[in-house]
Amino acid sequence: MAVFSSDSGLCFIEANESFTDYEERFAQFVEANGIEKSKQRAVFLSVVGAKTFSLLTDLLAPKRQSETPLTDILKALRDIYVPKKNVLSERYSFRARKQLNGESLAEYVAALKGLASTCEFGASLEEQLRDQLVYGICSKDLRARLLSAAYSEQLTWSKVLDTVNNFECTVSSLKAFQHAPMRTDSVIYAKPEREPPGAEERTPGKGRRDKSELTPCYRCLVKGHAASNCKYKDFQCRACDKKGHLERACRNATSKKTTSRAANKPAWERETKYISTEGGSEGEIAPRTTKRVLCRPSKAKWSADQLSRPPDSDASDELNQPTVEAELQQSETNKDYGLFALKGNSECVNPYMVMIRCNGVKVKMEVDTGAAMSIISETLYRKRFKRCKLQPC
């Protein structure tokens, strides 16, 4: 014969569980042990605990517990431990419940079901759960998938749960793939048993070319030998009368020829300076480092702190001029830059034009990917930007 007492684990402790859960747990205990209905009240009073039993004595007075049906006993305890719910307040809590950061979709669904149990939704329970789930989930991709599915079919609560579970499984699989360590198999190198043909004939360093074979000899300007082994090391140069090199390799003769060629150049070409494009500070005059394009300067002089063009040019043609290259000429006695008369190539295609916004004004400009800066004419400056103060370039 089974013995039931409060020590059997069926004692009701308010701090550990709600009375609703305890009532359900007791019903399962009765069914599992096959307790007859006539004995259920006695079993309940035996296992409920001393504190609850004492409370029942006060609640049922002047009746005794043994004289009160089990349904009335449970109702009296339910009125104490299960306060009445405000349906409007419960529904507000249900509507305000959204998925928390780090909360899984399964946990969020369980929380919604728990809140909905006191909202008295009745027959519309699943519809209310579906709507709140779509509204409260964090994933925008999942929400878009659920909303798009509602166009093609009747989106029931069961279909929503299937979609949510499949989505969560897919996300978990992708995370597992991303964090899975890459497998690297060790590579074993085997030394060949026999040397390849001709290996014995090879000598160390045979495949390397001597530096003397790549560098010209400074005595004769011929590659393939070192200067110490040059056959012209005892020859006398006819340009400088020094021994040890030929005339074609003489440095003095080379510098004289360079000076002579520079002296024969026109004055305007000798005065040409080049803007350095590699290293140095901005605007530094340096030796030529890019392709040389010479343009003969005109007689007009324009100040370097102005953006200008020749006075006889038409401002309306500024957007149709072909792209040309020029070099700045700087006079030693004048800090002004020479303005060149440029001649464009008649066969070149029309330039690329774009509309930009400069200082709040729309200006049509030509695109030159090789230019270091963009320039405008003096006419356009005085027409659109005369309030802007010019700075030396």
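Note that Cβ sites are derived from N, Cα and C of the backbone, with glycine treated the same way.
As annotated by TrEMBL, compositional bias 'Basic and acidic residues' applies to 191-204.
Feature annotation from TrEMBL assigns compositional bias 'Polar residues' to 253-262 (among others).
Taken from TrEMBL, the feature compositional bias 'Polar residues' covers 318-330 (among others).
Under the heading domain 'CCHC-type', TrEMBL lists 216-232 (among others). For the domain 'CCHC-type' (216-232), the number of residues in each DSSP class (helix H, G, I; strand E, B; coil) is 3 helix, 0 strand, 14 coil.
Under the heading domain 'CCHC-type', TrEMBL lists 236-252 (among others). The average pLDDT for the domain 'CCHC-type' (236-252) in the predicted structure is 86.
According to TrEMBL, the region 'Disordered' annotation covers 187-212 (among others).
Positions annotated as region 'Disordered' by TrEMBL: 253-330 (among others).
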